[in-house]
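J.: Okay, handing you the structure first.
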Amino acid sequence: MNADTDILSLRVHAALDALRQGKPVIVADDHDRENEADLILAADALTVPEMARLIRDCSGIVCLCLTPEHAARLQLPPMVADNGSRYGTAFTVSIEAAEGVSTGVSATDRVATIRAAIAPAARPEHLARPGHVYPLVARAGGVRERRGHTESAVELARLAGFSPAGVLCELMNPDGSMMRGAELDAYAAQHQLPQLTVAELVAWLERNTN
């Protein structure tokens, strides 16, 4: 194992360890793509305090990343018939838990919605539409088919030993601009969070899986 491979393995395993502890991971995509970083958590381990962090430190557009099979089981249709998104981001209709929430906006309500959606026995009627959580459907081939945050969230949750469902939100600066570069490093250091790039995750998967 060379030094680069060792560093890559350490970064990936640090991310997986954080997810297992219910902590978020900072995941950045390619500079020539969105050039943004998201906080990503395993949906199974999501807590109200971490949802509050996503609402406070990120864009507030909290997304639940699901496999195609999961989205189909919940009968979540695409948000639009003709997806004109630059990178083909696969939003479905937004959702709310059908029971146990008030307006659906609070951190507690959004966690309740996500728990309703990922429950093993979840059915379409357990969710109201529209709502304040935004499902995203990952490509079947994962991050090696599409190098996006959606696929990274599903892949990381699975690798950490959870069901393949992740939660993400884009990191932003207090002034409303997107957090990048040194700003990400400072945020990671302040909150003691691991950083990973989509490219690193792809490289690790190619070296460690068939």
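Just so you know, glycine gets a Cβ as well, placed from its N, Cα and C.
So TrEMBL says this about it:
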BINDING   R33, E34, D38, R146, R147, G148, H149, T150  D-ribulose 5-phosphate binding site
BINDING   E34, H149  Mg(2+) 2 binding site
BINDING   E34  Mg(2+) 1 binding site
SITE      H132  site 'Essential for catalytic activity'
SITE      E170  site 'Essential for catalytic activity'
J.: Whole-number Å distance between the CA of D38 (D-ribulose 5-phosphate binding site) and the CA of E170 (site 'Essential for catalytic activity')?
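T.: Given the Cα positions, D38 (D-ribulose 5-phosphate binding site) is 4 Å from E170 (site 'Essential for catalytic activity').
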J.: Quick check on the recorded positions D38, R147, G148, E170: which one has the highest count of other Cβ atoms within 10 Å of its Cβ?
T.: D38
J.: Which ones in the same chain are close to T150 (D-ribulose 5-phosphate binding site), with CB under 8 Å and 6+ residues apart in sequence?
T.: C63, C65, T89, A90, L136, V137, A138, R139, L168
J.: Quick one, of the recorded positions H132, H149, which Cβ has the fewest other Cβ within 10 Å?
T.: H132
